[in-house]
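Q: Under the heading disulfide bond, TrEMBL lists CYS63-CYS74, CYS68-CYS84, CYS86-CYS121, CYS92-CYS114, CYS103-CYS140, CYS146-CYS256, CYS264-CYS280. Annotation comment: TrEMBL describes 85-142 as domain 'Kazal-like'. The signal peptide annotation in TrEMBL covers 1-19.
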Amino acid sequence: HHMWIQLLVIVGHYGLSAPLSLSLSLSPRLCLVEVGANPVQIETGEFDEAIEVVEDVVAENPCLNHHCKKGKVCEVDESNTPMCVCQDPSTCPAAVGEFEHVCGTDNKTYDSSCHFFATKCTLEGTKKGHKLHLDYIGSCKFIEPCMDTELNEFPLRMRDWLKNVLVTLYERDEDNNLLTEKQKLRVKKIYENEKRLQAGDHSLDLLAHDFEKNYNMYIFPVHWQFGQLDQHPVDGYLTHTELAPLRAPLIPMEHCTTRFFEQCDADNDKYIALEEWATCFGIKDQDVDKDLVL
């Protein structure tokens, strides 16, 4: 969770690069802001709609050590046995501001993620409930269709952004709690390489040229991002829920996000395998390495 707070709060001076007038003329660009300045600090747990976690806590109340997934709350039955039941949306805390609103895949704005998951829970077992997911952070709005030319530009900015996020984490990681020693060694090579494209706004032509000339610098950042998302469970595949921490804040600012991740799933099985992910970002088959996502 700590990693995702860091990642989302620093998404800034380094943005998704490029003067986005070329491909995001109708969307503001994703920016990294200083730590603490971002009102929407999302933890991975905000999206764990399919995970139940049981923590080992000794307490008299059976519900204190019985944790329920998003949208459910714990109640005890007649025999004092804890059970998870759908939360009444009206019991969710009132949204403090509009930044807490979320948009569902039903194109409906919910006051908060709590209201969304409580509503989704009531639809459990139905076709509508199965299709309903948290789409993106913020109120629902019209998102421009993603043109083919724009879709081709998306990975250029995304790769550059991932590389710069890693470099930023490397610069700030004094306590070794953002990157492991092995990860730091890999990022150090990128950080110290004189040919590295410095963070900032770059033309798409320059980003494409840099990827071609400094291809090896992008292999690890692409693998690293996959590993950050592949958490529930760690199985070498990304589900809609696992993609959410990256997709949800990105969609309102990068209107090709949804189409990009949909076409990443080349075999259309609702899972993005590491090989599919790497192909999406232009990484060659022979450079796909499961050891790099650890």
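Positions of Cβ are set from backbone N, Cα and C atoms, glycine also.
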Q: Tell me, roughly as an integer, the mean pLDDT over the domain 'Kazal-like' (85-142).
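A: That stretch averages a pLDDT of 93.
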Q: Quick check for the class: what is the C-alpha distance, in angstrom and rounded, between CYS63 (disulfide bond) and CYS84 (disulfide bond)?
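A: Cα to Cα, CYS63 (disulfide bond) and CYS84 (disulfide bond) are separated by 9 Å.
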Q: What subset of the disulfide-bonded residues CYS74, CYS114, CYS256 lies within 10 angstroms of CYS84 (disulfide bond) at the C-alpha level?
A: CYS74
Q: Could you work out which of the disulfide-bonded residues (CYS121, CYS256, CYS264) has its C-beta surrounded by the smallest number of other C-beta atoms within 10 A?
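A: Least crowded of the disulfide-bonded residues CYS121, CYS256, CYS264, by Cβ count within 10 Å, is CYS264.
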Q: Using a Cβ-Cβ cut-off under 8 angstroms and a sequence gap of six or more, which residues of the chain neighbour CYS114 (disulfide bond)?
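A: Non-local contacts for CYS114 (disulfide bond): GLN87, PRO89, CYS92, PRO93.
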Q: Should any of the disulfide-bonded residues CYS103, CYS140, CYS264, CYS280 have a Cα within 10 Å of the Cα of CYS86 (disulfide bond), which are they?
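A: Hits: none.
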Q: With CYS74 (disulfide bond) as the reference Cα, tell me which of the disulfide-bonded residues CYS103, CYS121, CYS146, CYS264, CYS280 is the closest one.
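A: Closest by Cα distance to CYS74 (disulfide bond) among the disulfide-bonded residues CYS103, CYS121, CYS146, CYS264, CYS280: CYS121.
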Q: What are the DSSP helix, strand and coil residue counts for the domain 'Kazal-like' (85-142)?
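A: Counts, helix then strand then coil: 21 helix, 11 strand, 26 coil.
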Q: Just counting, how many other CB atoms are there within 10 A of the CB of CYS92 (disulfide bond)?
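A: Looking across every protein chain shown, the total is 19.
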Q: Among all the protein chains here, how many other CB atoms are within 10 A of the CB of CYS68 (disulfide bond)?
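A: Result for CYS68 (disulfide bond): 20 neighbouring Cβ atoms inside 10 Å.
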